[in-house]
There are 2 protein chains.
Amino acid sequence: MTDHVQTFAALRNHLHQTALLASAAELLQWDERTMMPPDGSEFRAAQVAYLSGRAHAMRTSEQIERWLDELDGWSAASDPASDIGATLRLTRKDYEKQRRLPGQLVEAIASATVRGQGCWDAARRNDDYAQFQTALDEMISLQRNAGELLAEPGQSTYEALLDQYEPDARVEDLTRVFAGLRDELVKLLSEITASPRQVDDRLLKQTYSVDGQRQLSKALAAAIGFDFQRGRLDETSHPFCTSLGPSDCRILTRYEENWLPGSIFGTLHEAGHGMYEQGLPQDWYGLPPGSFVSLGIHESQSRLWENLVGRSLAFWKCFTPLINETFSETATPAQWHACFNRVQPSLIRVEADEATYNLHIIVRFELEQALISGELSTAELPFAWNERYTSVIGVSPPSAANGVLQDVHWSAGLFGYFPTYTIGNLVAAQLYQAADAALGNLDRQFEQGDFAPLLNWLREHVHTHGRKYTADELIQNATGKPLSAEPLIASLRQRYAQVYDLESSPG
Amino acid sequence: MTDHVQTFAALRNHLHQTALLASAAELLQWDERTMMPPDGSEFRAAQVAYLSGRAHAMRTSEQIERWLDELDGWSAASDPASDIGATLRLTRKDYEKQRRLPGQLVEAIASATVRGQGCWDAARRNDDYAQFQTALDEMISLQRNAGELLAEPGQSTYEALLDQYEPDARVEDLTRVFAGLRDELVKLLSEITASPRQVDDRLLKQTYSVDGQRQLSKALAAAIGFDFQRGRLDETSHPFCTSLGPSDCRILTRYEENWLPGSIFGTLHEAGHGMYEQGLPQDWYGLPPGSFVSLGIHESQSRLWENLVGRSLAFWKCFTPLINETFSETATPAQWHACFNRVQPSLIRVEADEATYNLHIIVRFELEQALISGELSTAELPFAWNERYTSVIGVSPPSAANGVLQDVHWSAGLFGYFPTYTIGNLVAAQLYQAADAALGNLDRQFEQGDFAPLLNWLREHVHTHGRKYTADELIQNATGKPLSAEPLIASLRQRYAQVYDLESSPG
């Protein structure tokens, strides 16, 4: 017994030290994107590579396997959802995954990523897909190789890649749920575009001082519950959220003088990510009980605060006085709300509204599966891309730069990553629906600026569990139902009914 | 031959990786003092301790000794001042020093430092020396132990401690040079206090906007040559300079609304440190050819730009238009210059003017030697302190808080550190005198805003050599003379002659 306790302490210490190193690497990267002087890049890359390499070596150390073997059958680990049980179970899973990829392949992918991003960047600048095609072919072949090595029995190659970002997700389930979502979104979109009431969002394109946006962003993040004693908000060109320790979460946003929603919803989005990190059990930082479940669940937290909360009429009933005062404006809550919910099918995913965003993802989800399986060649890809955009979203990319070349993901080897965005949207709506049912009228609470009940509900049903449950288990436990598209569809329909004067049940 | 080349490459790579790790620890500390959210401290301490511990383990790895032994007699290292020669020679020296201290003693000192600083802080707050005395006794005994273990043949215990900050310095030499300095400063001070012309510095205590000070500080740092492509200027409560890589030097200053010189001279001081770091050979970052010689030489660079340049009349002839415009002021260059050179004997070292600063140091240098040798007990220390202040500086501390408890150094185990401040002042004046002789009239260049010739001279005679020469060798090579108090005395006498209407040769 005492042996087990000591062995576990040694394992836990090893994992804690790995987290110390990995979080230092995170700081190096946060600093690179916010503070570092221009000429610091080269040495910074060497620092990050060295620390990340050391952390990787610690994660794949054979000592881990020896400790785990010694702890096999330890009664304290018998409950797989206990702290100890989850730590042993998931550490073994992570270890085995990491060990399955030979160092040579990991290095080949790392170096193909650098090359791939360079080619992609040039191709996009020159609007010339051909400059990227060879690098993409190489990356697909490496990822296929990795997927084959990672696949568990019964898992397809693509599913194994997806598993890196969304553990235990099944392509079959996602395909079914996404298909239902797609049909409903296409229907909703046609109703919106056919509506006689349209939204004029010139209000959002006036000049808004960056200082004012900075104050407003900080006030909104604090209001919904982002803890500034344990975090900060900064500025960068590509917003993100990073956790540098159990009480040090950094979120970043971007301020554009002539596009107000960028900073507001960017901040709410990253604050949602940040509050998830701040709600994870601190004592287990970097270990499974203190880690996030999956990218989809992480994204559900950001999308919930950005869209379900931040784009609600109740939210703007609460904050219209503040935004009007900050910018000497006089718009009504309904006007702000309408502007922030304008729908306009467009070519670019990252600029998409909520009605079309998931359609962009579904196109990518289908295409990347076909690329990995080999059904689709990279030569055919641009045509397939344009064909889907025209048929699904109703817009036809005039150029590769605005079409197949718009995202960095594939050039960086991120196959299986895109679906996590839509999983996030689905889970956000499903959690919100359950919280609303459990807590009574959330809208009324928001109107009064009271976001604590919702945050506490999320803490209890999502954050506090770390990685102890799979995404599916977590959703089932929190909402009583498996993942479904219905809550998201209902939520969008209800919101757009307000803005576009639609019927609130499908027409 | 090829074997030597390969062995050296392996050693160099090991030292480079150590520098990657150590510089990441530096970033963790910079961030802690500038950016980190309040509750991040505990985990941050663990990160710093872990990374520093790993770096220490790498510096004391026995593999280093094996590599050095294999490289013994390698012809490429025969010139001790070549890159390779200096690397092998100084790596062995550092290695042997580090190995001489048993891990247990290093840990005891680390833990006594934490305790000591806590006691010191409480004692100073309560103005109660007794609360610190036991911790100080413990620290002195540990430092004495360390000094005995570190001492080379012929070195005293105190000299061995001093050697950690000022390698190869001899107490005998410093005692002689400091004594000459002390006599001349006491004489100068009595002339200044007796002068009928006195300086009214109320100009400096008006309200100066922090934004204006920020702009001015950045402009001055850039003007004298601090490279913002390879560095940044930030804000903190205790200004410092840290190097996070060969092209990433961070300097920090402090802005007080009612005390203008704080930010100006703080910035010039830290920029001086920063330009030294920026001038070290980049390819050898963290290795002896890319490292600084000693704390005294480092301090010479900060003091040179702060005092010899920044407190000159020529400097203010150049920057009076800028400072007046920034703050809507109308003072003349002579008025700014006089205010910035006001002399007023005071109790607190960090607030001291140039005429008295070194007297504060000399008191500490004498007292800390007596503490380490045991000639002075901690019970006698407060009395000895007050007696010296009265006789040397002419002020009598009314309390321990403003007297013996004012500095953090001894509580942190920094015995042998204080003299490096005065070495810095001496070397600064001596280098400046040599540069002025070599470059013609520096004053005229400053009046025209031309600081590049001086910076280039320092690059060539100081920065570019890294640690290849000892401080004494460097001073001799750069100035043609051994360290002497004469240039500093002459420089101060000349400056105060302008301000206080003294005769420019001793009265």
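Even glycines carry a Cβ here, placed using N, Cα and C.
TrEMBL annotations: computationally assigned, not manually curated.
These features come from TrEMBL:
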ACT_SITE  A:Glu270  active site, proton donor/acceptor
BINDING   A:His269, A:His273, A:Glu299  Zn(2+) binding site
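Between A:Glu299 (Zn(2+) binding site) and the residue listed as 'active site, proton donor/acceptor', the C-alpha separation comes to 9 Å. Cβ neighbour count for A:His269 (Zn(2+) binding site) (all protein chains, 10 Å cutoff from its Cβ): 23.
Following the DSSP three-state reduction, the secondary structure of A:His269 (Zn(2+) binding site) is helix. Using a 10 Å Cβ-Cβ cutoff, the residue listed as 'active site, proton donor/acceptor' registers 26 neighbours.
Other than A:His269, A:His273, A:Glu299, the residues of this chain whose Cβ falls within 8 Å of the Cβ centroid of the Zn(2+) site are, in sequence order, A:Cys241, A:Glu270, A:Gly272, A:His298, A:Gln301, A:Ser302, A:Arg303, A:Trp305, A:Glu306, A:Gly424.
A C-beta separation below 8 Å, combined with a sequence spacing of at least six in one chain, links A:His273 (Zn(2+) binding site) to A:Cys241, A:Ile251, A:His298, A:Gln301, A:Ser302. Counting Cβ atoms from all protein chains shown, A:Glu299 (Zn(2+) binding site) has 26 others lying within 10 Å of its own Cβ.
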